[in-house]
Amino acid sequence: MAIDESLYPIAVLIDELKNEDIQLRLNSIRKLSTIARALGEERTRKELIPFLNENNDDDDEVLLAMAEELGVFIPYVGGVDYAHVLLPPLETLCTVEETCVRDKAVESLCRIGAQMKESDLVEWFAPLVKRLAAGEWFTSRVSSCGLFHIAYPSVTDQLKAELRSIYGQLCQDDMPMVRRAAATNLGKFAATIEPTHLKTDIMSMFEDLTQDDQDSVRLLAVEGCAALGKLLESQDCIAHILPVIINFSQDKSWRVRYMVANQLYELCEAVGPEATRSELVPAYVRLLRDNEAEVRIAAAGKVTKFCQILSPELAIQHILPCVKELSSDSSQHVRSALASVIMGMAPLLGKDATIEQLLPIFLSLLKDEFPDVRLNIISKLDQVNQVIGIDLLSQSLLPAIVELAEDRHWRVRLAIIEYIPLLASQLGVGFFDDKLGSLCMQWLEDKVFSIRDAAANNLKRLAEEFGPEWAMEHIIPQVLEKINNPHYLYRMTILQAISLLAPVMGAEITCEKLLPVVITFSKDRVPNIKFNVAKVLQSIVPIVDQSVVDNTIRPCLVELTEDPDVDVRYFAGQALQAYDQVSMSS
Amino acid sequence: MGSSMRTMEWKFSQVFGERQPGEKVEEIDTISAVEFDSEGDYLATGDHGGRVVLFERTNGNYPCSRKELEHIDSPVTLLPLYRYKTEFQSHDIEFDYLKSLEIGEKINKLRWCTCLNNSLLILSMNDRTIKLWKVSDHKVKKAKEVNSNAHVYSENALLSERSFMSDHSKPSVPNGYPLEWDEWVTKKSRYISPTVEEGPHVMLDSGKCTSSRCRRVYSHAHDYNINSISINSDCETFLSADDLRINIWNLEVSNQCFNITDMKPLDMEDLVEVITSAEFHPVSCNLLAYSSSRGFIRLVDMRQSALCDQNARILQDREAHGSRSFFTEIAGSISDIKFAKDGRHILSRDYMNLKLWDLRMESSPVISFKIHEYLRPKLSELYNGDFIFDKFDCCISKDGCHFATGTYSNIFSVFCHDGGHIDGITLEASKNPNRISHNPDYHKHTGLFTSFACGFHRRGHENSSLNNINDVPCDLNSKLMHLAWHPTKNLIACAAKCSLYIYYA
C-alpha cells in the first residue's frame with residue numbers, strides 16, 4: 001500500500017492531535033491545512049471537521065490555534081460551496097469562556113462569512129447568528145454581536161427585521177458583558193443597515209446604550225459615536241449624535257469624559273465646520289479644563305489632532321489659551337501628554353504664532369522638573385526646527401539637553417542618548433562638536449552598564465552620520481585615550497566601542513589605529529577582557545586584509561588559545577575555528 | 001418579608017468535617033473563608049492550608065419530614081442541601097526574598113465570579129496573591145473493551161492510525177493489534193467523539209470528573225496583606241484592598257491594575273489608620289465602600305475622580321459611646337462590611353458591635369447590636385492575648401432585615417431589624433444550635449448563656465496561653481469568625497474550626 005507510506009507523516013500529525021502533550025497538539029493544529037490537503041476535500045469535510053468539532057474541550061492555546069486555522073480553511077473543504085461545514089466547530093468555539101478564543105472564532109467566522117454565497121448565508125450563517133444570540137450562556141450572545149454585520153446584507157427583508165430586533169434585545173441584555181459587546185459592534189452593524197432603519201432602529205439602540213447604568217457600557221457607546229456619525233448625513237448627525245456627545249462630555253463619570261476627550265476630534269468632520277465651531281470647540285475646551293487629571297491627559301494628547309481640523313484662527317483664539325494653562329498644569333502626566341504632541345502645533349499655527357505663543361510654552365516645558373516632559377519635547381524637535389529655525393532652537397534647547405544628559409535617573413540618560421544621533425543630524429556638525437561631543441565621551445564612563453553600552457552604540461551611529469573622517473578627528477582619539485582606565489569594565493566598554501566602530505571606519509583606519517589597541521588588550525590581566533578580545537578579533541577578520549589577519553590577528557589568537565583561563569581559551573578557539581572555516585571555503 | 005424573628009426557628013441542617021470533642025484539629029484545616037455563589041447553588045470554603053473546598057447544592061429537600069410538613073401552614077420552599085463537589089490547592093507557602101518574609105498559604109477571602117458557561121469561576125486570595133480558578137466538569141469516557149474487529153469503526157475512525165498504517169489492515173500480530181494499539185486507545189479516549197460510541201467498541205461514559213485549573217494569577221500588586229476582594233456589578237472588574245491601598249483589576253488582565261486609593265503616608269510614622277475591608281456596591285458600578293481601623297466607613301464614587309483618596313463620604317458613629325480609651329479605639333476597628341442587597345444599607349462589624357448603616361445617614365448607624373459588651377471590662381486582658389484583634393465576619397439576609405455575626409465559644413448571633421421590631425437570638429455551632437438559650441432579649445442574658453456554653457468546650461483551653469484570664473465568660477479559643485448567608489434562602493453557613501455547619505430557618 002504505497003499510499004499509506006506517503007501518508008505516514010500525516011498519520012503522525014493526526015495522532016498528535018490527540019497527544020497528551022499540549023505542545024504536540026498545538027503543532028499538529030498549526031499544520032491542520034497540511035493534514036486536510038493530504039486527506040482531500042471530502043474526507044476533510046466528513047471526517048476532520050466533525051472530529052475538530054468534538055475536540056473542543058482542550059487548552060485555550062490549542063483552541064485559539066484551531067479558531068485561527070479554521071478561518072482560512074475554505075480551500076481545503078472544497079471551496080466556498082462547502083464553506084458552511086466550517087461553521088459548526090467555530091460556533092462551538094464562540095461559546096468557550098476564554099475571550100481571546102471567542103474573539104478569534106468570531107474573526108474567522110466573519111472571514112468565512114464574507115466569502116460565502118448569499119444563499120448559503122441565508123441558509124447557514126443567519127441561523128447560526130440567531131442561535132448564538134439566543135444562547136443560554138452569555139458567551140455565545142457576546143460572540144453573536146460580532147457577526148450581525150456579515151449576515152445582515154444578504155438576507156431577506158423579513159429576516160433583516162428579525163436580526164435588527166434581536167440586536168435591539170442584545171443591547172438590553174441582562175448581562176453587562178453582552179451589552180458591552182453590542183455597543184462595541186454597533187458601528188459595524190450600523191454600516192450595513194439601510195439609511196431608513198439607521199435613523200430609527202439603530203438610533204434607538206444607540207440611545208439605550210448611551211443611558212446604560214453601567215459606565216463600562218456607556219464608555220463603549222462613546223466609541224460608537226464617531227463611527228455612527230460618519231454613517232449619518234451631516235444634519236442627522238447634528239440632530240442625533242451631537243447632543244449625545246455634548247451630554248457625554250459633561251457626564252458624571254470621568255471615564256466617560258475621558259473617552260469623549262479621546263474621540264471628539266473624529267466627530268468634527270461628521271458634523272461639519274459650523275457645528276464644530278459652535279458646539280464641539282466649547283465642549284473640547286471644557287475637557288481641557290476638566291477637574292480630573294486623567295481627562296485633561298486625554299484631551300491634551302489630542303490637541304494637535306483637534307487643531308488640524310480647525311482653522312488657525314479658531315485654534316489660536318480658543319485652544320491656545322488652554323494649552324498655555326496646561327503647560328503649567330499641576331499634574332506632570334498632563335504636561336507630559338501635552339509635551340508629546342505640542343510640537344505638532346507649530347506647522348499648523350505658522351512661524352509668527354509659533355515664535356510668539358508656542359515657543360514660551362516649549363521653553364517652560366523644557367525646563368519642567370519632570371524628565372518625561374522634557375524628553376517628549378526633545379524627541380519631536382524636528383517639527384519645530386522647520387518652523388522657527390535652528391538658531392533660536394539651539395539657544396533654548398542646549399541647557400535642557402545637557403541637564404538631561406546628566407540626569408540622575410539612568411533611564412533618562414538612556415533616552416537622551418538615543419536621541420543624540422537625531423539631534424546631531426538636525427543640528428549639524430559644527431554645533432555638535434562644540435556642545436555635545438564631550439557628553440558623548442562622558443557617557444562611556446557612566447556607572448551604569450546600559451548607558452555605557454548605549455554610548456558605544458551612539459558613537460557608531462555618529463560615525464555613520466558624519467563619516468569616517470570626522471570620526472577620525474573627533475571620536476577615535478578620545479576613545480583611545482581611555483584605554484588605560486584602571487577599571488576593567490570601562491576598558492571593556494572601549495573594546496566594545498572599537499568593535500562597533502571598526503566596520504564603519506574601514507580597513508585602513510582599523511589596521512592603523514584600532515587593531516594595535518585590541519592586540520594590546522590581549523595582554524590584559526583580566527580574563528574577561530581577553531576573551532572579549534578574541535570575540536572582537538573574530539569580528540574584525542572580515543574587514544581587514546588577509547595579510548593583516550595572518551600576520552597579526554592569527555598569532556594573537558593562537559597565543560590566547562594557550563591562556564591559563566578556560567574561557568579565554570574557549571573563545572580564542574572559537575574565533576580561530578570560525579576563521580579557518582571561512583578561509584577553507586574560500 | 002415581614003416574618004418576624006419569633007417565627008424564625010433556626011435548625012441544624014448539615015455539617016461537614018465534624019470532629020469529635022477532644023479530637024485534635026490541625027491548624028491548616030481551620031476554615032478561613034466561607035462564601036456562597038450568587039444563586040446559592042454552590043458554597044466554597046477556604047482554609048489555613050491554602051485549600052479551597054467546593055460544595056454543590058443537591059436538588060434540595062423538604063426541611064422536615066412529610067408529617068411535620070402537614071402541621072406547617074406557611075408555604076415551604078425547598079431547603080438547599082449541599083454535598084461535597086471538589087477541592088483544590090489554591091495557594092502554597094511562598095517566600096518573598098526581597099523582604100525576607102514568608103507568605104502564608106491561608107485563604108483570606110473567596111469570591112465567586114459570574115458563570116461564563118457551565119464551568120465555575122472563583123477568585124481566591126492569600127495575603128499577597130489573588131488567583132482565578134476555573135472548576136469544570138468533564139465527561140470521562142473509559143475504554144471498556146476494544147473490539148478486535150477493526151472494521152466496525154465508524155468513519156471517524158479515520159482519525160485513528162488504522163486508516164494509514166498498512167499493518168492494521170492485515171494485523172502483524174495474530175488475533176490482535178500491536179501492543180501500542182491498546183495503550184493508544186486508552187490514551188485517546190479523552191478526545192474521541194461521542195459518535196464513536198455508537199459502535200460496539202464502547203467508550204463508556206463513566207460519569208463526570210471535576211477538574212480545577214488556575215486561569216489567572218494577579219500578583220505583585222500589594223505590598224501589604226490583602227484583606228478583601230470584591231467583584232464589580234459590571235462583571236468585568238474587581239477590587240483588591242490591602243492595609244493601605246485599593247487596586248482595581250480587570251478580570252481578564254492579570255499583569256496590570258489601577259490604584260484608586262493610597263493611604264500610605266510619606267512617613268510611616270504618621271500612619272493613623274489602615275484599610276480593613278472593602279466592597280463594591282451591589283448595583284451601582286461606580287460606588288465602593290471601605291472600612292478603616294478607626295471605625296470609619298468611607299463611601300467612594302469612582303466617577304468623580306480617578307484617585308479616590310479624597311471626595312469620600314464618611315459614615316462615622318459620632319455619638320462615641322462612653323469613655324474613650326486606648327482599648328476602645330482598637331476595639332472600634334471595623335473587621336468586615338457587607339452591603340445589603342438593596343445597596344442602601346451597610347452592615348459593619350467591629351470587635352464590640354454589629355452596626356447597620358443607612359448610606360444616607362452619615363452621623364450614626366441605624367441600629368447597633370452589642371455583641372461583646374460583657375467583654376468590655378476585660379479589654380486589656382484581651383489586648384494582651386491579641387484577642388482584641390480577632391476579625392469577625394458579618395452577613396446579611398436577602399431581605400436586608402436579618403443579620404448574623406460570630407463570636408467566641410463557637411457561638412453566632414442572628415438579629416432582626418424589621419421596622420420597629422428588633423430581635424436577637426444566639427446559636428451554637430453544633431448539631432443542636434438552640435441548646436444554649438433562646439432569648440429574644442439577647443444582651444441582658446449574654447453573660448449567663450456564654451458561661452453556660454463554656455462548660456461544653458473544654459478543649460479550647462487545652463493549650464491556651466490565656467489561662468490568666470480564666471474569668472472571661474467564654475471560650476476564647478473557639479472563635480466563630482466566618483459565616484455566610486445564603487443569597488436567597490434563610491440559610492447560614494458558618495465555620496467553627498475545621499467544621500462547616502449549615503442552619504436554616
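Glycine too: its Cβ is placed from the backbone N, Cα and C atoms.
TrEMBL: automatically predicted annotations, no manual curation.
According to TrEMBL, the protein has these features:
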REPEAT    A:9-47  repeat 'HEAT'
REPEAT    A:163-201  repeat 'HEAT'
REPEAT    A:202-240  repeat 'HEAT'
REPEAT    A:241-279  repeat 'HEAT'
REPEAT    A:280-318  repeat 'HEAT'
REPEAT    A:319-357  repeat 'HEAT'
REPEAT    A:358-396  repeat 'HEAT'
REPEAT    A:397-435  repeat 'HEAT'
REPEAT    A:436-474  repeat 'HEAT'
REPEAT    A:475-513  repeat 'HEAT'
REPEAT    A:514-552  repeat 'HEAT'
REPEAT    A:553-586  repeat 'HEAT'
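Long-range contacts of the repeat 'HEAT' (A:9-47) within the same chain, counting only residues at least 6 positions beyond its ends with a Cβ under 8 Å from a Cβ of the stretch, are 55, 58-59, 61-62, 65-66, 69-70, 72-73, 76-78, 82, 85. Here the repeat 'HEAT' (A:397-435) has long-range neighbours at 366-367, 371, 374-375, 377-379, 381-382, 385, 390, 442-443, 446, 448, 450-451, 454-455, 458, 461-462, 465-466, 470, 474, meaning same-chain residues at least 6 beyond its ends whose C-beta is under 8 angstroms from one of its own. Packing against the repeat 'HEAT' (A:280-318) from elsewhere in the chain are residues 242, 245-246, 249-250, 254-255, 257-262, 264-265, 267-269, 271, 325-326, 329-331, 333-334, 337-338, 340-342, 344-345, 348-350, 353, 357: each is 6 or more residues past its ends and has a CB under 8 Å from a CB in it.
If you average pLDDT over the repeat 'HEAT' (A:553-586) in this model, you get 86. Within the chain, the repeat 'HEAT' (A:241-279) has long-range Cβ neighbours (under 8 A, six or more residues past its boundaries) at 206-207, 210, 215, 218-219, 222-223, 225-226, 228-230, 232, 234, 286-287, 290, 292, 294-295, 298-299, 301-302, 305-306, 308-310, 314. Long-range Cβ contacts of the repeat 'HEAT' (A:358-396) within its own chain (Cβ-Cβ under 8 Å, at least 6 residues beyond either end) map to 323-324, 327-328, 332, 335-336, 338-340, 342-347, 349-351, 403-404, 407, 409, 412, 415-416, 419, 422-423, 426-428, 431.
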